[in-house]
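Trainee: In case it's useful when we look at the structure, here is the feature table from Swiss-Prot:
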COMPBIAS  196-205  compositional bias 'Low complexity'
REGION    139-167  region 'Disordered'
REGION    187-225  region 'Disordered'
REGION    326-354  region 'Disordered'
TRANSMEM  287-307  transmembrane segment
ZN_FING   1-41  zinc finger
ZN_FING   52-103  zinc finger
Amino acid sequence: MGICKCKKRSEDFCFNHKKFICDSCVVADHSICYIKSYVSWLTDCEFEDSVCGVCKGKFDVDDNDDSVRLLCYHLYHPECIDVYVAALPQNSSVESYPCPKCPEPILPSNDKQSLLANSIRDRFSVSSWAGDYLKSFKKQNSNSNNNNNDNNNPKSNGITNGINGTHINNATSPEFYTNLDSIKSNGIHHHHHHSNNSNNNNIINPSLLEETPPLSHLNSNPYGLASRKHEHEDTVIQLNSGTNSNISNNIHGNNKIYDDDYDKYNKRPVNPISKIINNIKETKPKYLIMITVAIIVFLILISKMGSNSDSNDNIVGDNNNNNNNININNDNNGGNGAINEETLNDQKIPNNGQ
């Protein structure tokens with residue numbers, strides 16, 4: 001499910017332009033494009049140029065009348081559809097004629113209202129097989145529109161009195177105030193009115209005069225709308241002053257939602273710095289774990305290196321001590337040998353002299 005450029009949700013996807021489209025935009029901007037569901041595009045995005053489903057011929061890009069797209073989005077030449085329909089059984093109804101490729105009907109149903117459905121009706125309105133059916137549809141549609149207009153715009157030329165059923169002119173018409181003048185000049189009072197309605201069917205009920213403003217205040221405005229207008233203006237001013245901030249907040253909020261929806265499927269420029277920052281934010285726990293593990297390994301290596309250096313120092317010290325002991329022993333042994341030889345020589349010399 002995606003969003004078309006006109007903000008409508010749609011599952012249809014244009015393979016040529018690689019974007020979501022609705023049944024309204026397909027008529028204006030994608031008249032001969034290859035269109036299928038978005039799931040089909042995800043499955044296989046390869047497509048060929050659109051050709052007629054009956055004659056397999058290509059369409060003229062510059063001629064919009066050269067092709068017609070049905071509600072199932074299959075494309076045909078209008079002449080090929082006419083030939084295809086002529087070969088169908090005559091006992092079948094016009095609205096049930098199926099598409100040459102699928103069981104969907106060629107003509108849209110009466111309750112289907114869209115730009116695509118209207119374009120199909122306009123295209124086949126000149127065909128002999130669909131002309132009568134489409135004319136009856138247009139006639140029925142025009143009658144329903146007239147009935148809706150009559151219901152929405154009732155004729156109200158006056159107000160009916162709920163007491164005696166007499167018809168009263170609109171209070172804003174000049175005739176209303178003319179009748180008021182005549183009633184006051186005839187001496188009719190508000191509180192002494194009797195129900196003598198047979199002779200006064202066309203005269204306003206005098207009890208209504210209590211709600212009408214005096215004529216002396218209508219010199220500047222004969223319709224008596226000035227005071228009411230000012231009251232409404234004061235009300236509007238108070239409403240605007242009290243709700244100005246709320247309205248502005250709602251407008252900004254709606255614009256924000258609109259911008260988010262509009263930019264949802266648009267490509268944004270890639271900023272390397274912001275991309276790196278976003279990646280760091282997304283992978284922050286991973287980086288913390290990696291940094292912690294690296295610090296622990298570093299401390300372990302340092303401790304092992306320190307212990308190895310201490311053991312090496314001890315070994316070197318022992319070797320030096322052994323060497324010193326050996327040298328001392330050698331020195332001692334060498335001195336004793338020299339003394340013994342001298343003593344021996346001293347002893348031998350006298351013996352030789354004898």
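The backbone N, Cα and C atoms fix where each Cβ goes, glycine too.
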Trainee: Report, as numbers and ranges, every residue of the chain located at least six residues beyond the zinc finger (1-41) whose Cβ falls under 8 Å of a Cβ in that stretch; write 'none' if there are none.
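Mentor: Counting only partners 6 or more residues beyond its ends, the zinc finger (1-41) has Cβ contacts under 8 Å with 47-50, 59, 61, 64, 67, 69, 71, 73, 75, 114-117, 119, 261, 264-265.
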Trainee: Using DSSP, how many residues of the zinc finger (52-103) fall into helix, strand and coil, respectively?
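Mentor: Its residues divide into 15 helix, 6 strand, 31 coil.
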